[in-house]
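J.: Positions annotated as compositional bias 'Basic and acidic residues' by TrEMBL: 211-222, 673-687. Residues annotated as region 'Disordered' in TrEMBL: 206-254, 649-701. Annotation comment: TrEMBL describes 353-386, 421-454, 455-488, 489-522, 591-624 as repeat 'TPR'.
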């Protein structure tokens, strides 16, 4: 044996010290020790892996990448692929993983309940499949990614990351959630015997039986008793020499104690002897139990299933099943079903930031901003440190015109983590609410700088560019958003608005339809497409979309208003009034409702009610004086009262452009949201916090 080999062997105990440092987050110490260990033998794959792990966990991705580039072991190649993922080298990482996938073992996912994972353990098949799916996703191969994710979840239902990514890709229908998360009885388990309590009290530990051909051997990774001890324990204690010796030894101790005691201590002596006999009886019971356990190869291992462990594993799977259903529904934009699924969770899970924020997103998709705010606020109370989905929360506050609350949220997020894109999106929404579009755009660009794949920031940048009249730049931002997430229907909505601005109605129709293919249940999208149909002269198609929008989300003011206006144009005055009266209960201080009602009463010949509604319109929004005055003057003639943009353009209280970036009407994915004002100007009433929709619910033609 050479001196180098001897030196290397002497350094082997460092592995435990390195692992201990990593487990205690002492990365600098672990890296120093790992470098010493690797220097002793640069060909040792385990030393290379430990050093690369230290580099990776301390944020030195490129160092780990270079170190592992020529590695050959499975775990080194797996870590190399992780580095490729972080360094945007998805294709290279995928190729490396494909070289080891046939050699990776499949582990029982339920074994994790019974064992402790080692730091340098070889990755299992489920982990490799999940990483392959993510690499394909980053390489823009969605179909391949979906295949790997499906295989991963079928191999291990606890791989939530794979399920989440699959849902975000719109591929959750490829899985049967009830079947995937259905608890199954495993044939071979690592559970305690029926007398588990006595075994643990007696300090008798069983090793996990594993199959090796026709033989059954203990699991070498778990603590076991020496084979001689197991052999002796498998026999009755009273019939073995070892047990006889133990009894004699204890008897001698008892006799010695008796000889030291006086005659008046006989009671104590009696109790001591009784305790010794009780201990022997316990050991006899333990021995009988051991004879019925896995040491006999002919036993049925299904009988060994520990009731408590089995129950715990089943409870976890049942919980994941419920959460998975809610998450899948949300990504399919079946928001009502998602809310029902999340509501049925146990209280301990229901009152968590993750569940509350996802319920908030569901309500946001349903254009129910007050309810969305309620759940986002609850999520903030439960987890003040939560950053995920806070950009959507900021949009919710924008819609509700709660500038003070929005400003507070942005301040708290920046103070807590100023390097998060969510914080800068919230700040950008604050500036957008104040019509500071240039500053808002800078904030959204800062978010992109922090995370180039943050789709939401790209979309917001597009809407701010629209607000500034830079339409070509807006188109570029929307396309960048789609490059990061093809299912981001908000970007498609933005492109459709861009084409409407350019008077390209055909292209606008195409992009609105593409957005609706992703989210077919969004009322605002239906209203936008309906408006395109009206401009194309397809009034019947537009009316059908408005009716459908009211059926999907009955409480959406924009859909109700569009339906009422469509009925008015078709001269269904009574039906239109019914819709408007229902709408007044939702947004009682929206002036456009009363203006349209005045027009309808005029058409019906009821000049008194028409005058009353025109007057109410003026009272709610004095800046509509010119339009209202013209309407009142025309009450005595048959000329149509116009509600066109040109007639009302000077009534916009804040002089906003309809392409205002922070006017998002809806949110698409987990990460993104859009802005609600279309290319027409919006007429709205006075600042009134009691109405959630006063500002943005109504888009005029």
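Using the three backbone atoms N, Cα and C, a Cβ is placed for every residue, glycine included.
Unlike curated records, TrEMBL annotations are generated automatically.
For the listed features, I'd like the structural context: burial, neighbours, distances.
T.: In the predicted model, the repeat 'TPR' (353-386) has a mean pLDDT of 94.
When DSSP labels each residue, the repeat 'TPR' (489-522) comes out as 27 helix, 0 strand, 7 coil, counted as helix, strand and coil in that order.
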J.: With DSSP helix as H/G/I and strand as E/B, how many residues of the repeat 'TPR' (455-488) fall in helix, strand and coil?
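T.: Summed by class, the stretch gives 27 helix, 0 strand, 7 coil.
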